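As recorded in Swiss-Prot:
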{"type": "MOD_RES", "residues": "23", "note": "N6-acetyllysine"}
{"type": "MOD_RES", "residues": "67", "note": "omega-N-methylarginine"}
{"type": "MOD_RES", "residues": "111", "note": "N6-acetyllysine"}
{"type": "MOD_RES", "residues": "115", "note": "N6-acetyllysine"}
{"type": "MOD_RES", "residues": "143", "note": "N6-succinyllysine"}
């Protein structure tokens, strides 16, 4: 659909569609440790979904589409959560820097993301075009229902 952007579609459906596109393309470089790692220190278990790396990459690409100039540190803030401390009060805890760095490096390998001269990463014109195309597909699929 012409004129449909990432902001116009449901974010969950978009991330699911983009993750499926990344997996189907087969070009995203996935580290070998993805099945054994936790996503943050406040998590108790590794993710149940075996395709979590594609979902995280899709979510990161969507975030960079909405707010460019985000780096590894800001991604750890976005994917942080509540650290439970037993009988002590809970506090905020950041996500894994290694996972955030590897996701951004994988997206750079696809030429969807590039380093920004002001710091952080930003979407390339090709990456923005891919995301808008997938948003159009999601909007067209929703229109049929």
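Placed from the backbone N, Cα and C atoms, the Cβ positions cover glycine too.
Taking the C-alpha atom of residue 115 (N6-acetyllysine) as reference, the shortest distance to any of the modified residues 23, 67, 143 belongs to 67. Note: the CA-CA distance between residue 23 (N6-acetyllysine) and the residue listed as 'N6-succinyllysine' rounds to 25 Å. In the three-state DSSP scheme, residue 115 (N6-acetyllysine) is classed as strand.
Rounded to a whole number, the distance between the Cα atoms of residue 67 (omega-N-methylarginine) and residue 111 (N6-acetyllysine) is 18 Å. Taking the Cβ of residue 115 (N6-acetyllysine) as centre and 10 Å as the limit, one finds 12 other Cβ atoms among all the protein chains shown. In the structure shown, across all protein chains, 23 is the one of the modified residues 23, 67, 111, 143 with the greatest number of other Cβ atoms within 10 Å.
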